[in-house]
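Record features, source Swiss-Prot:
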TRANSMEM  21-43  transmembrane segment
DOMAIN    61-162  domain 'Rieske'
BINDING   CYS108, HIS110, CYS126, HIS129  [2Fe-2S] cluster binding site
DISULFID  CYS113-CYS128  disulfide bond
Amino acid sequence: MAQFSESVDVPDMGRRQFMNLLTFGTVTGVALGALYPVVNYFIPPAAGGAGGGTTAKDELGNDVSVSKFLESHNVGDRTLVQGLKGDPTYIVVESKEAITDYGINAVCTHLGCVVPWNAAENKFKCPCHGSQYDATGKVVRGPAPKSLALSHAKTENDKIVLTSWTETDFRTGEEPWWS
């Protein structure tokens, strides 16, 4: 029978082993930090609330306050916000007290360029290939084959909430192509 002493000496960690562990920890931390945004890219965003809507965001990513929005915009103004699926969406000021009940998706139906509002000509004009849309987003001149997509815009707790438009397109009388 072998006798074991109670005080078993554990050898100290050598300098080389310590440096290896330190290097491994550093490389692992940097690699995980670099992989985090890549992994997040492939994870879909969380679903909207019970209403399925998306709160409109300004250019800084803050929720758009309806009262402040109406104070700083004139009747008839069309202003870009971040809307459904992160798409740029125009909010239209209907009166000093209200916005229209719809938002206009600013992505051109031809090749996907963002279509700016031209207030002087009272229409949207695509800078890529010249497509033109009227004040409601209905296509009036190609090469764009379809009108700009719509979304419902409503006010909840002083915020603009955008929801999917699934009803008949009031501009064309047809079923919406985007739903």
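Glycine too: its Cβ is placed from the backbone N, Cα and C atoms.
This view paints the features noted in Swiss-Prot onto the structure.
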| residue | record | contacts (Cβ under 8 Å, 6+ apart) |
| --- | --- | --- |
| CYS108 | [2Fe-2S] cluster binding site | VAL114, VAL115, CYS126, CYS128, SER131, ALA144, LEU148 |
| HIS110 | [2Fe-2S] cluster binding site | CYS126, CYS128, HIS129, SER131, GLY142, PRO143, ALA144, PRO145 |
| CYS113 | disulfide bond | VAL107, CYS126, PRO127, CYS128, HIS129 |
| message | What is the set of residues, excluding CYS108, HIS110, CYS126, HIS129, whose C-beta falls within 8 angstroms of the centroid of the C-beta atoms at the [2Fe-2S] cluster site? | response | THR109, LEU111, CYS113, VAL115, CYS128, GLY130, SER131, PRO143, ALA144
| request: Which residue among the recorded positions CYS126, CYS128 has the fewest other Cβ atoms within 10 Å of its Cβ, if you could check? | output: CYS128
| CB contacts for HIS129 ([2Fe-2S] cluster binding site) [other CB atoms within 10 A, all chains] | 12
| said: What does the DSSP secondary structure composition of the domain 'Rieske' (61-162) look like, as residue counts for helix, strand and coil? | reply: 10 helix, 46 strand, 46 coil
| field | Sequence-remote partners of the transmembrane segment (21-43) [C-beta within less than 8 Å, at least six residues beyond its ends] | value | none
